[in-house]
Amino acid sequence: MPVKNEVAGQPSESLTEVTFDKSVPMVTYLVCFIVCDFTYKETILSSGMPFRVYAPNGRIENSQYALDIGAKILQMYEGMFDLLFPLPKSDMAAIPDYSSGATEHWGIITFRETSIFYNQNQSSAVNKQRVASVVAHELAHQWFGNLVTLEWWNDLWLNEGFASYVEFKGVDHVHPEWEMESQFPVINLQPVFVDDSKLSSHPIVQTVENPDQINAMFDTISYDKV
(Lines of atoms letter the chains of each structure in order from A and count residues from 1; the text may use other names and numbers.)
(Lines give C-alpha, C1' and ligand atoms only; values in the text may rest on other atoms or scores of the structure.)
Protein backbone atom coordinates (compact mmCIF):
# COMPACT_ATOMS: atom_id res chain seq x y z
CA MET A 1 0.00 0.00 0.00
CA PRO A 2 1.13 3.64 -0.45
CA VAL A 3 3.06 5.49 2.24
CA LYS A 4 0.71 7.36 4.56
CA ASN A 5 3.30 9.45 6.40
CA GLU A 6 6.98 9.54 7.40
CA VAL A 7 8.58 10.82 10.62
CA ALA A 8 12.34 11.41 10.48
CA GLY A 9 14.35 10.70 13.61
CA GLN A 10 11.99 7.99 14.85
CA PRO A 11 12.49 5.65 16.62
CA SER A 12 16.09 6.92 16.71
CA GLU A 13 18.00 9.80 15.13
CA SER A 14 19.35 7.74 12.22
CA LEU A 15 16.01 6.12 11.34
CA THR A 16 12.69 7.16 9.81
CA GLU A 17 9.33 5.82 10.91
CA VAL A 18 7.11 5.06 7.91
CA THR A 19 3.38 4.36 8.16
CA PHE A 20 1.55 2.77 5.25
CA ASP A 21 -2.14 2.86 4.37
CA LYS A 22 -4.18 -0.06 5.67
CA SER A 23 -4.10 -3.02 3.32
CA VAL A 24 -7.21 -4.53 1.81
CA PRO A 25 -8.11 -8.10 2.88
CA MET A 26 -6.15 -10.65 0.85
CA VAL A 27 -5.06 -14.27 1.03
CA THR A 28 -1.67 -14.95 2.60
CA TYR A 29 0.09 -16.12 -0.58
CA LEU A 30 -0.45 -12.68 -2.15
CA VAL A 31 1.21 -10.70 0.66
CA CYS A 32 4.64 -9.31 -0.24
CA PHE A 33 7.20 -7.05 1.46
CA ILE A 34 10.32 -5.86 -0.35
CA VAL A 35 13.20 -4.19 1.50
CA CYS A 36 15.71 -2.85 -1.02
CA ASP A 37 17.60 0.14 -2.38
CA PHE A 38 16.10 -0.18 -5.88
CA THR A 39 15.27 2.80 -8.04
CA TYR A 40 12.05 3.11 -10.03
CA LYS A 41 10.37 4.48 -13.12
CA GLU A 42 6.80 5.77 -12.94
CA THR A 43 3.88 6.71 -15.12
CA ILE A 44 0.49 8.04 -14.05
CA LEU A 45 -2.57 6.31 -15.46
CA SER A 46 -5.63 8.17 -16.73
CA SER A 47 -7.34 7.33 -13.42
CA GLY A 48 -4.59 9.20 -11.56
CA MET A 49 -3.10 6.00 -10.13
CA PRO A 50 0.71 5.70 -10.08
CA PHE A 51 2.14 2.72 -11.97
CA ARG A 52 5.78 1.92 -11.20
CA VAL A 53 8.50 -0.57 -11.97
CA TYR A 54 11.40 -1.09 -9.54
CA ALA A 55 14.80 -2.51 -10.45
CA PRO A 56 18.38 -2.60 -9.14
CA ASN A 57 20.42 0.53 -9.76
CA GLY A 58 22.13 0.43 -13.14
CA ARG A 59 19.50 -1.79 -14.76
CA ILE A 60 16.36 0.32 -14.43
CA GLU A 61 16.50 1.41 -18.10
CA ASN A 62 15.87 -2.19 -19.14
CA SER A 63 12.44 -1.98 -17.47
CA GLN A 64 11.10 0.89 -19.61
CA TYR A 65 9.38 -1.43 -22.09
CA ALA A 66 7.59 -3.34 -19.32
CA LEU A 67 6.46 -0.06 -17.77
CA ASP A 68 5.10 1.27 -21.07
CA ILE A 69 3.14 -1.82 -22.06
CA GLY A 70 2.10 -2.64 -18.49
CA ALA A 71 0.35 0.70 -18.09
CA LYS A 72 -1.51 0.23 -21.38
CA ILE A 73 -2.51 -3.36 -20.64
CA LEU A 74 -3.74 -2.57 -17.13
CA GLN A 75 -5.97 0.21 -18.43
CA MET A 76 -7.22 -2.05 -21.22
CA TYR A 77 -8.17 -4.67 -18.61
CA GLU A 78 -10.05 -2.04 -16.62
CA GLY A 79 -12.17 -1.34 -19.68
CA MET A 80 -12.62 -4.99 -20.67
CA PHE A 81 -13.67 -6.03 -17.15
CA ASP A 82 -15.59 -2.78 -16.58
CA LEU A 83 -13.87 -2.61 -13.20
CA LEU A 84 -11.09 -0.25 -12.15
CA PHE A 85 -7.92 -1.65 -10.60
CA PRO A 86 -8.98 -2.07 -6.95
CA LEU A 87 -5.83 -0.75 -5.22
CA PRO A 88 -4.48 2.82 -4.96
CA LYS A 89 -1.16 1.91 -6.65
CA SER A 90 0.38 -0.81 -8.79
CA ASP A 91 4.07 -1.73 -8.78
CA MET A 92 6.24 -4.25 -10.59
CA ALA A 93 9.68 -5.27 -9.30
CA ALA A 94 12.63 -7.02 -10.95
CA ILE A 95 14.18 -9.41 -8.41
CA PRO A 96 17.71 -10.76 -9.05
CA ASP A 97 17.91 -14.58 -8.95
CA TYR A 98 14.15 -14.86 -8.38
CA SER A 99 13.12 -18.51 -8.32
CA SER A 100 9.82 -18.07 -10.20
CA GLY A 101 9.18 -16.46 -13.55
CA ALA A 102 6.88 -14.01 -11.80
CA THR A 103 4.38 -13.87 -8.93
CA GLU A 104 1.19 -11.82 -8.91
CA HIS A 105 1.50 -10.34 -5.40
CA TRP A 106 -1.36 -7.88 -5.08
CA GLY A 107 -0.12 -4.37 -5.71
CA ILE A 108 3.55 -5.33 -6.22
CA ILE A 109 4.17 -8.01 -8.83
CA THR A 110 7.60 -9.65 -8.59
CA PHE A 111 9.50 -10.81 -11.69
CA ARG A 112 12.63 -12.70 -12.55
CA GLU A 113 14.83 -10.17 -14.37
CA THR A 114 14.60 -12.11 -17.65
CA SER A 115 10.79 -11.88 -17.45
CA ILE A 116 10.66 -8.08 -17.22
CA PHE A 117 13.88 -6.67 -18.74
CA TYR A 118 14.04 -5.82 -22.45
CA ASN A 119 16.84 -3.98 -24.23
CA GLN A 120 16.07 -3.13 -27.85
CA ASN A 121 19.78 -3.19 -28.73
CA GLN A 122 20.47 -6.59 -27.19
CA SER A 123 17.28 -8.58 -26.63
CA SER A 124 15.68 -10.86 -29.21
CA ALA A 125 12.15 -10.61 -30.60
CA VAL A 126 11.31 -13.79 -28.71
CA ASN A 127 12.43 -12.16 -25.46
CA LYS A 128 10.29 -9.11 -26.21
CA GLN A 129 7.17 -11.24 -26.64
CA ARG A 130 8.06 -13.23 -23.51
CA VAL A 131 8.23 -10.04 -21.43
CA ALA A 132 4.94 -8.77 -22.86
CA SER A 133 3.22 -12.10 -22.18
CA VAL A 134 4.44 -12.40 -18.59
CA VAL A 135 3.50 -8.79 -17.79
CA ALA A 136 0.03 -9.29 -19.31
CA HIS A 137 -0.43 -12.59 -17.46
CA GLU A 138 0.49 -11.22 -14.04
CA LEU A 139 -1.64 -8.09 -14.50
CA ALA A 140 -4.60 -10.31 -15.41
CA HIS A 141 -4.13 -12.04 -12.06
CA GLN A 142 -4.85 -8.75 -10.29
CA TRP A 143 -8.48 -9.55 -11.11
CA PHE A 144 -8.35 -13.35 -11.66
CA GLY A 145 -6.90 -14.67 -8.41
CA ASN A 146 -6.39 -11.47 -6.43
CA LEU A 147 -9.65 -9.53 -6.46
CA VAL A 148 -11.51 -12.83 -6.84
CA THR A 149 -9.68 -15.68 -5.11
CA LEU A 150 -10.65 -19.32 -5.31
CA GLU A 151 -11.59 -21.01 -2.05
CA TRP A 152 -8.90 -23.67 -2.37
CA TRP A 153 -6.05 -24.88 -4.60
CA ASN A 154 -8.06 -27.67 -6.21
CA ASP A 155 -9.61 -25.00 -8.46
CA LEU A 156 -6.28 -23.44 -9.47
CA TRP A 157 -7.17 -23.93 -13.14
CA LEU A 158 -9.80 -21.19 -12.88
CA ASN A 159 -7.12 -18.80 -11.66
CA GLU A 160 -4.36 -19.73 -14.11
CA GLY A 161 -6.55 -20.73 -17.04
CA PHE A 162 -8.31 -17.38 -17.32
CA ALA A 163 -5.05 -15.45 -16.88
CA SER A 164 -3.32 -17.61 -19.50
CA TYR A 165 -6.05 -16.81 -22.04
CA VAL A 166 -6.52 -13.14 -21.18
CA GLU A 167 -2.77 -12.49 -21.47
CA PHE A 168 -3.12 -13.00 -25.23
CA LYS A 169 -5.73 -10.25 -25.37
CA GLY A 170 -3.50 -7.98 -23.31
CA VAL A 171 -0.49 -8.48 -25.57
CA ASP A 172 -2.66 -8.12 -28.68
CA HIS A 173 -3.76 -4.72 -27.39
CA VAL A 174 -0.20 -3.36 -27.38
CA HIS A 175 1.14 -5.40 -30.32
CA PRO A 176 -1.70 -6.16 -32.78
CA GLU A 177 0.94 -6.87 -35.45
CA TRP A 178 1.91 -10.04 -33.57
CA GLU A 179 -1.57 -11.55 -34.16
CA MET A 180 -1.64 -13.16 -30.72
CA GLU A 181 -5.05 -14.78 -31.21
CA SER A 182 -3.54 -16.75 -34.10
CA GLN A 183 -0.60 -17.77 -31.93
CA PHE A 184 -2.80 -19.11 -29.12
CA PRO A 185 -3.40 -22.57 -30.67
CA VAL A 186 0.33 -23.00 -31.35
CA ILE A 187 1.65 -21.72 -28.02
CA ASN A 188 -1.02 -23.06 -25.64
CA LEU A 189 -3.63 -25.32 -27.21
CA GLN A 190 -1.65 -27.87 -29.24
CA PRO A 191 1.08 -28.42 -26.59
CA VAL A 192 -1.48 -29.06 -23.85
CA PHE A 193 -3.28 -31.57 -26.11
CA VAL A 194 -0.01 -33.50 -26.24
CA ASP A 195 0.51 -33.28 -22.47
CA ASP A 196 -3.09 -34.30 -21.79
CA SER A 197 -2.67 -37.44 -23.92
CA LYS A 198 0.06 -38.79 -21.64
CA LEU A 199 -0.50 -41.26 -18.82
CA SER A 200 0.95 -38.66 -16.45
CA SER A 201 -1.92 -36.24 -17.16
CA HIS A 202 -4.52 -35.49 -14.51
CA PRO A 203 -7.99 -33.93 -14.12
CA ILE A 204 -8.01 -30.15 -13.92
CA VAL A 205 -9.68 -30.41 -10.50
CA GLN A 206 -7.76 -32.48 -7.96
CA THR A 207 -7.75 -32.96 -4.21
CA VAL A 208 -5.02 -30.82 -2.62
CA GLU A 209 -4.06 -31.51 0.99
CA ASN A 210 -0.41 -30.47 1.44
CA PRO A 211 2.20 -28.02 0.08
CA ASP A 212 3.78 -30.58 -2.26
CA GLN A 213 0.41 -31.15 -3.91
CA ILE A 214 -0.04 -27.39 -4.26
CA ASN A 215 3.27 -27.11 -6.14
CA ALA A 216 2.35 -30.05 -8.36
CA MET A 217 -0.79 -28.24 -9.53
CA PHE A 218 1.27 -25.59 -11.33
CA ASP A 219 1.63 -27.36 -14.68
CA THR A 220 0.42 -27.03 -18.27
CA ILE A 221 -2.90 -28.72 -17.49
CA SER A 222 -3.83 -26.05 -14.93
CA TYR A 223 -2.51 -23.19 -17.09
CA ASP A 224 -3.41 -24.08 -20.65
CA LYS A 225 -6.32 -26.55 -20.66
CA VAL A 226 -8.84 -23.72 -20.87
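Including glycine, each Cβ sits where the backbone N, Cα and C put it.
Automatic, uncurated: that is what TrEMBL annotation is.
Sequence annotations record features per position, and here TrEMBL assigns active site, proton acceptor to Glu138. Under the three-state DSSP scheme, Glu138 (active site, proton acceptor) falls in the helix class. Long-range Cβ neighbours of Glu138 (active site, proton acceptor) (same chain, at least 6 residues apart, Cβ-Cβ under 8 Å): Met92, Ala102, Thr103, Glu104, Ile109, Phe111, Ala163.
Taking Cβ-Cβ distances under 8 Å and a sequence separation of 6 or more, the neighbours of His137 (Zn(2+) binding site) in its chain are Ala102, Ala163, Ser164, Val166, Glu167, Gly170. The annotation Zn(2+) binding site is assigned in TrEMBL to His137, His141, Glu160.
Annotated domain 'Peptidase M1 membrane alanine aminopeptidase' per TrEMBL: 65-225, in sequence order.
Positions annotated as site 'Transition state stabilizer' by TrEMBL: Tyr223. Using a 10 Å radius centred on the Cβ of Tyr223 (site 'Transition state stabilizer') and all shown protein chains, the other Cβ atoms total 20.
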Checklist entry - Applying the rule Cβ within 8 Å of the centroid of the Cβ atoms of His137, His141, Glu160, what extra residues of the same chain belong around the Zn(2+) site? => result Glu104, Glu138, Ala140, Phe144, Gly145, Asn159, Phe162, Ala163, Ser164, Glu167, Tyr223
Checklist outcome for this item: Whole-Å Cα distance, Glu160 (Zn(2+) binding site) to Tyr223 (site 'Transition state stabilizer'), is 5
Checklist entry - Name the residues of the same chain, 6+ apart in sequence, whose Cβ is under 8 Å from the Cβ of His141 (Zn(2+) binding site)? => result Glu104, Asn159, Ala163
